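A short write-up of the structure that comes next.
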Amino acid sequence: MELIRVLANLLILQLSYAQKSSELIIGGDECNIDEHRFLVALYKSGRFRCGGTLINQEWVLTAAHCDRRNMEIKLGMHSKNVPNEDEQRRVPKEKFFCDSNKNYTQWNKDIMLIRLNSPVNNSTHIAPLSLPSSPPIVGSVCRIMGWGTITSPNETYPDVPHCANINLFNYTVCHGAHAGLPATSRTLCAGVLEGGKDTCKGDSGGPLICNGQFQGIVSWGGHPCAQPREPGVYTKVFDHLDWIQNIIAGSTTATCPL
């Protein structure tokens, strides 16, 4: 994860919390190559930065704090070093944020919608993941995945994405666990209370899939990762459906939920 960059009056928190833009799955195993056709990798200057989710042939959803200039998006990737035959690469044509000022201290607005410079074609390793049709249910088992570090605080980055199952809690659990930062009703709280499984640095922007539905975007959490009673915080996709769908439809006045 990258250390949280906050305003001066929040600098004291930097040693305790971190964005997960460069995290990996802790406590997981290599994902099945067929289970993450929607998972994309965001690169900057040849360096892996974040994950993201393809939601149709032309749009990717990720975390706002993953934004970088001159970003490249790789689709259909499993191994970083051994390309799939159907891998495709794109760059952003447009980027959209809930907060036009890109104020990343507003953690409940950590969402970015990217329009690709050209549509992608479905293939063996590429296919979009649908937006959720119903809200998430506390108690659900959720799937996390990404190329983030698999160890913390020392970082070990894998060549292939790792996956793990975690549990969805009421957001108040994260509000209590991370009292210095606002886990709100616009966020989701997920992890394993005894620790040992978590998203981590490099996993930011990737999906949280609960009961088969795309419900969350990896946002931030404690450091080190996967500590007992410190679940991770995810942007709640369901609450942003109107904004997402209006942007895709071409609206210039779409607004995010308060």
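Going from the start of the chain as shown, residues are counted 1 onward.
Backbone N, Cα and C define each Cβ position, glycine as well.
Positions annotated as signal peptide by Swiss-Prot, on the basis of sequence analysis: 1-18.
What Swiss-Prot records for 25-249 is domain 'Peptidase S1', and it gives sequence analysis as the kind of evidence.
Per Swiss-Prot, the feature disulfide bond maps to Cys31-Cys163 (among others); the stated evidence is sequence analysis. For Cys163 (disulfide bond), applying a Cβ distance below 8 Å and a minimum sequence separation of six or more within one chain yields Ile25, Gly28, Asp29, Glu30, Cys31, Asn32, Glu35, His36, Arg143, Ile144, Met145.
According to DSSP, Cys50 (disulfide bond) is assigned to a strand segment. Sequence annotations record features per position, and here Swiss-Prot assigns disulfide bond to Cys50-Cys66 (among others).
Swiss-Prot lists His65 (among others) with the feature active site, charge relay system, giving similarity to another entry as the kind of evidence.
As annotated by Swiss-Prot, disulfide bond applies to Cys98-Cys256 (among others), with the evidence given as sequence analysis. According to its DSSP assignment, Cys98 (disulfide bond) is coil. For Cys98 (disulfide bond), the same-chain residues that are 6 or more apart in sequence and have a Cβ closer than 8 Å to its Cβ are Ala64, Lys109, Ile111, His240, Trp243, Cys256.
Taken from Swiss-Prot, the feature N-linked glycosylation site applies to Asn103 (among others).
Sequence annotations record features per position, and here Swiss-Prot assigns active site, charge relay system to Asp110 (among others) based on similarity to another entry. Under the DSSP three-state reduction, Asp110 (active site, charge relay system) is assigned to coil, being neither helix nor strand.
Around Asn121 (N-linked glycosylation site), the same-chain residues six or more apart in sequence whose CB sits under 8 Å from its CB are Gln57, Gln88, listed in sequence order. Among the features that Swiss-Prot reports, N-linked glycosylation site is placed at Asn121 (among others), with the record citing sequence analysis.
The annotation N-linked glycosylation site is assigned in Swiss-Prot to Asn122 (among others) on the grounds of sequence analysis. Secondary structure at Asn122 (N-linked glycosylation site), taken from DSSP and collapsed to helix, strand or coil, is coil.
Per Swiss-Prot, the feature disulfide bond maps to Cys142-Cys210 (among others). The DSSP secondary structure for Cys142 (disulfide bond) is strand.
Spatially close to Asn154 (N-linked glycosylation site) yet at least six residues away along the chain is no residue at all, judged by Cβ distances under 8 angstroms. Among the features that Swiss-Prot reports, N-linked glycosylation site is placed at Asn154 (among others).
Per Swiss-Prot, N-linked glycosylation site is recorded for Asn170 (among others). In the three-state DSSP assignment, the secondary structure recorded for Asn170 (N-linked glycosylation site) is coil.
Long-range Cβ neighbours of Cys189 (disulfide bond) (same chain, at least 6 residues apart, Cβ-Cβ under 8 Å): Leu168, Phe169, Asn170, Tyr171, Thr172, Val173, Cys174, His175, Ala183, Pro231, Gly232, Val233, Tyr234. Taken from Swiss-Prot, the feature disulfide bond applies to Cys174-Cys189 (among others), supported by sequence analysis.
Annotation comment: Swiss-Prot describes Cys200-Cys225 (among others) as disulfide bond. Secondary structure from DSSP puts Cys200 (disulfide bond) in coil.
All protein chains shown were included, and the count of other CB atoms within 10 Å of the CB of Ser204 (active site, charge relay system) stands at 33. Taken from Swiss-Prot, the feature active site, charge relay system covers Ser204 (among others).
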Original post:
Which recorded positions from the set Asp110, Cys200, Cys210, Cys225 come within 10 angstroms of His65 (active site, charge relay system), judged by C-alpha positions?
Top reply: Asp110
Original post:
Out of Cys66, Asp110, Asn122, Cys142, Cys210, the recorded positions in the record, which is closest to Ser204 (active site, charge relay system) when you go by Cα distance?
Top reply: Cys66
Subject >> Rounded Cα-Cα span from Asp110 (active site, charge relay system) to Cys50 (disulfide bond), Å >> reply: 13
Subject >> Rounded distance in angstrom between the Cα atoms of Cys200 (disulfide bond) and Cys142 (disulfide bond) >> reply: 16
**OP:** Reduce the DSSP letter at His65 (active site, charge relay system) to three states and note it down.
**Re:** helix
Original post:
If you measure from the Cα of Cys66 (disulfide bond), which of the recorded positions Asn122, Cys210, Cys225 is the nearest?
Top reply: Cys225
